[in-house]
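*Asks:* To start, I am sharing the structure in question, which I have written as structure tokens.
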Amino acid sequence: LCGSVWDFGGSVWDFGGSLWGFGGSLWGFGGSLWGLGGSVWGFGGSVVVFGGSVWGFGGSVVVFGGSVWGFGGSLWGFGGSLWGFGGSLWGFGGSLWGLGGSVWGFGGSVVVFGGSVWGFGGSVVVFGGSVWGFGGSVVVFGGSVWGFGGSVVVFGGSVWGFGGSVVVFGGSVWGFGGSVVVFGGSVWGFGGSVVVFGGSVWGSGGSVVVFGGSVWGFGGSVVVFGGSVWGFGGSVVVFGGSVWGFGGSVVVFGGSVWGFGGSVVVFGGSVWGFGGSVVVFGGSVWGFGGSVVVFGGSVWGFGGSVVVFGGSVWGSGGSVVVFGGSVWGSGGSVVVFGGSVWGFGGSVVVFGGSVWGFGGSVVVFGGSVWGFGGSVVVFGGVVLCLGRIPSFIRGSLLRLGPGLFEVGSEPFYHLFDGQALMHKFDFSNGQVTYFRRFIKTDAYVRAITENRVVITEFGTCAYPDPCKNIFSSNTAVCILCRFFSYFKGVEVTDNCLVNVFPIGEDFYAVTETNYITKVNPDTLETLKKVDMCKYVSINGITAHPHIERDGTVYNIGNCMGKGASLAYNIIRIPPKQKDKSDPIEKSKVVVQFPSAERFKPSYVHSFGMTENYFVFIETPVKINLLKFLSAWAIRGTNYMDCFESDEQKGTWIHIARKDPGEYIDHKFRTSAMGLFHHINCYEDSGFIVFDLCTWKGFEFVYNYLWLANLRQNWEEVKKQAMIAPQPEVRRFVVPLDPYREEQGKNLISLPYTTATATMREDGTIWLEPEVLFSGPRQALEFPQINYKMNNGRNYTYAYALGLNHFIPDRASICKLNVRTKETWVWQEPDSYPSEPLFVQNPDGVDEDDGVLLTIVVCPGAQRPTYCLILNAKDLSEIARAEVDIMSPVTFHGMYKA
């Protein structure tokens, strides 16, 4: 499954395929399936879709544009996808409707909008195409219809119907011994009902419906879609116009409706209904003694159920549902899709908004939920809490990682190529909810739209279009495409799958290019793409900024420096502005570090910062920019193709003052090593101490993270780990005054470390580290500290993900005392945790007074994903919140209080 799945008192099945919704999620309540964005196949249950999605209420199916819905029936897809109303499908009472495609229905009713339909033993409806229906009713919207022994309806075309009813939407209709409906044209109907959509209708002794025109109906029901309707002793429906109906039901789609003693429905307009049900799609509704539904407008319903899709709802003594608006419901259930909900004595569901529910269950799809005396479910899975959530955990755990590893038939090849998927665990009053959503980057949207890899990723080349192969039928054109692409420049990915952090009052998902993506941390909605190159001289930034206590953000990236040589800039983004302006627009370069090589910058994943200094480690893992640009232009390449390493280069350590920004021109060197993550840096008695998660040697560890390698037999993966660079936690110390001792003597006088620094004849200061942690193929990576208290300051504890080298075999959560080298470990069989995030107890005193939050994946378990809460002092388990869906790996994230 590429998304989320949950069920409420029922089951969810995948029949030989995958279930997607809302960027890859699916929900089921009572055996039904829910999906927001994608395709859904549901068998033996109901399916409903809203906006590229599916949801089900008691066996019903609904679609709103790229979606599916149905009331009182089920939905099936026979060997393909179902489209209707612009790529959507819907059915009422067990029927299927499709706009664009083909439908075969046997023993039931069928509706198709664009395509062909064959239906036997049931009714058939087609919107654009041809229809043959035998032993049932036939409806066609654009095309020709033949129906025998049933009713016939046509929307644009010709219809012949015998022994049943006939309806035509644009065309001519002949109907005998049944009802006749016409949507644009003329209708003759005898001994049955008459409906017209644009035209004139005369119907006697039956029901009358008009979609654009005038209708007079007596002794039956009357429906009008655009026009005026008078109906007595039957039901009245109007789609655009006014309706008066007495002693029956009234429905209006655009207009006003007055209905007494029956049900009232309005799709765009106002409705007053007494003693029956009321439904409004765009407008206002007042319903008493029955049910009320509104799709765009306001609804007041008492003694029945209330549903609103865009508007406000007040419902008492029944159920309330709102899709965009506000809802007040008492003595029943309440559901809101965008708005606020107050529900008492029943269940409450909200899709975007806030919910207060007492004595029932609460479900929220983007928003906040308060549920008492029942369970809480949020957009992604049923959360089962074991243990007691600490009272000070009231916020959101936000995590980022890859979530989509192929597009159509085209795979992504590297672990860092998967499209960005954002996860959120919400904590409130001891309750936990889970939500996740794909970030709608250009890389993701274009890949999904074009069904191919459009923008080159870290280890995957874009599949060019139209010149996928230089040896295609038009070779000359393809060569020119390649050549001129050099002058157009490289299209850089914005696939922000690495981390998320705040800037001012906003939150941004990031990767390691110049693009960052603004997201809504509550709904995980993608808001906008930001190009940092527009504000500062930088080619890209890391996913690991440093944030000061006032909200000031610092980051680093390579740039073009003096003399057309590459360099590295530290940038500063100010905290939130009093005038509410965007802090990014006031970004500036603070200081610049030189590059050891003119056209080969080092790969930079993070940097260090003390209270007064910046620390930058320039490793021997280089990016060959000339190779990158030339190869990209002529033959196509990816980022991984352009990395190279040279052990002879060694490692350079650069130091700069923070304020004012000033580069300190001392030549600090050490042996070749790989580096991704700094643990912490601090100043002490004229020295800078910095602790790093390093990899011995010069080989690039990312070379071992190709998906083809990771998907091998597990024993083969372990063999690769045996020969790969080995991990080690190291402490280095830099003297701010390197001339304090004679050449060749140790310049470090701190009593608690064995790290050394010595001046050499050529003026370089050679650093040797103290090893804080080292085990055979045991890596401590993705390190965290009590950042709020200790970042840039002397500290004691680090927390990290324990790995068997670069693979999660025997994965664990570790705590390291950097003073004594004592360690603590949490570990469970077949469990794979992620980076632990420290959350401080506001009433705590000690550095480790708090908890660790991590997402753990347990393949094959009944609930394969859970958020684990550990006591930061001894790594004992406090609680876990289990979700019944699998979560892909996550890299980094943050806790938002």
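Note: Cβ is positioned from N, Cα and C throughout, glycine not excepted.
In case it's useful when we look at the structure, here is the feature table from TrEMBL:
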TRANSMEM  40-63  transmembrane segment
TRANSMEM  75-97  transmembrane segment
TRANSMEM  103-127  transmembrane segment
TRANSMEM  139-162  transmembrane segment
TRANSMEM  174-197  transmembrane segment
TRANSMEM  209-232  transmembrane segment
TRANSMEM  244-267  transmembrane segment
TRANSMEM  335-357  transmembrane segment
TRANSMEM  369-389  transmembrane segment
BINDING   H544, H605, H677, H892  Fe cation binding site
*Asks:* Under 8 Å between C-beta atoms and at least six apart in sequence, can you list the same-chain neighbours of H544 (Fe cation binding site), or say none if there are none?
*Replies:* N499, H605, S606, F607, H677, H678, H892
*Asks:* Going by DSSP, is H544 (Fe cation binding site) part of a helix, a strand, or coil?
*Replies:* coil
*Asks:* Is it possible to get the count of other C-beta atoms within 10 angstroms of the C-beta of H892 (Fe cation binding site)?
*Replies:* 22
*Asks:* Around the Fe cation site (H544, H605, H677, H892), what further same-chain residues have their C-beta within 8 angstroms of the site's C-beta centre?
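*Replies:* Leaving out the recorded residues gives V498, N499, T542, A543, S606, F676, H678, F782.
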*Asks:* Counting across all protein chains present, how many other Cβ atoms fall within 10 Å of the Cβ of H605 (Fe cation binding site)?
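*Replies:* The answer is 20.
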*Asks:* Hey, what's the Cβ neighbour count for H677 (Fe cation binding site) at 10 Å?
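*Replies:* Step by step: centre on the Cβ of H677 (Fe cation binding site), count other Cβ atoms within 10 Å, giving 18.
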